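Peer 1: Take a look at the following structure, please.
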Amino acid sequence: MAGYILDLTLTDVKFVHFVPSVVAASAILVTRIIFDIKEPWEHSFAYHTKYSQHDLTKCVKKMAKMLLSVKLSKQKAAFSKYSCKEMYCGVSNHPVLNDDLLLKELANEETLV
């Protein structure tokens with residue numbers, strides 16, 4: 001899922017001002033949040049990346065907004081690529097990505113801590 005999110009960011013100009021490590025860490029955090037992992041940003045992640053969950057808030061919010069609009073986007077390459085069940089388990093069609101309420105909540109949260 002994080003790989004799919006990262007591929008989507010490659011064609012979205014809103015992510016060019018984030019350093020790549022923030023984008024990668026944010027993709028992991030978004031994935032763990034949408035799959036309802038109990039502790040989405042563990043202490044070991046913060047230790048190894050040097051980013052707190054709060055540091056990733058802006059990027060995470062942009063990713064959630066991007067995921068909300070992916071099916072309306074003209075850029076369909078990543079969506080098509082990750083819909084392949086044999087290679088990527090059809091991750092772009094995963095039911096959790098259709099949970100607009102969760103994604104809207106994530107896109108509008110003031111802070112993730």
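Every residue gets a Cβ built from N, Cα and C, even glycine.
The annotation domain 'Cyclin C-terminal' is assigned in TrEMBL to 1-97. As annotated by TrEMBL, transmembrane segment applies to 15-35.
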Peer 1: Reported in the order helix, strand, coil, what are the DSSP residue counts of the domain 'Cyclin C-terminal' (1-97)?
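Peer 2: So the domain 'Cyclin C-terminal' (1-97) is made up of 68 helix, 0 strand, 29 coil.
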Peer 1: Average pLDDT across the domain 'Cyclin C-terminal' (1-97)?
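Peer 2: Residues in the domain 'Cyclin C-terminal' (1-97) carry a mean pLDDT of 89 in this prediction.
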